[in-house]
Amino acid sequence: MSIKSDRWIREQALKGMIEPFSEKQVREGVISYGLSSYGYDLRVSNEFKIFTNVNSAIIDPKNFDERSFVTVEADSVIVPPNSFALARSIEYFRIPRDVLTICVGKSTYARCGIIVNVTPFEPEWEGYVTLEISNTTPLPAKVYANEGLCQILFFQGDEPCEISYADKKGKYQNQQGIVLPKL
């Protein structure tokens, strides 16, 4: 299994792996996004779900209460101290059968105590990415829409997998927006 370069990512993007695709890394006046040497910095859209405790809900992944969130559409969002938000990528991904991705947070946000978690994109997964954003600080933290949030690294297996995410009809296949926990 090897990490894939900018050349490979560009070739695959032209075949529809990433839409829309920014062929160059955009850095001027924004938190960077677009193609990098060995990855792709995705952008966060302007759709956010911020955790709130207004309804005194308990977070239960088997019985998730949507009232645990406040939905926000904005150019930026404030994540409360020691809190959490969900968002989605601007980019839509179609992962090849012999590829697995890993997502890592951007250092600009990490240095401010904002941690991004995204599970791997499995072979033949497709959709908009639901992004998990944690504010680990005791202060409110700002996240900017339409700018970079995390970097996707692409790894190609030595051979295609036997059973892909599409084959097993994964529950998060073809996500069209922010998708909450499912069983």
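Backbone N, Cα and C define each Cβ position, glycine as well.
According to Swiss-Prot, the features are:
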BINDING   Lys106, Ser107, Thr108, Tyr109, Ala110, Arg111, Thr130, Leu131, Glu132, Gln151, Tyr165, Gln175  dCTP binding site
ACT_SITE  Glu132  active site, proton donor/acceptor
(request) Please determine which of the binding-site residues listed here (Thr108, Thr130) has the lowest count of neighbouring CB atoms within 10 Å. (result) Thr108
(request) Return the single residue from the binding-site residues list (Lys106, Glu132) that has the minimum number of other CB atoms within 10 Å. (result) Glu132
(message) Counting across all protein chains present, how many other Cβ atoms fall within 10 Å of the Cβ of Tyr165 (dCTP binding site)?
(response) 21
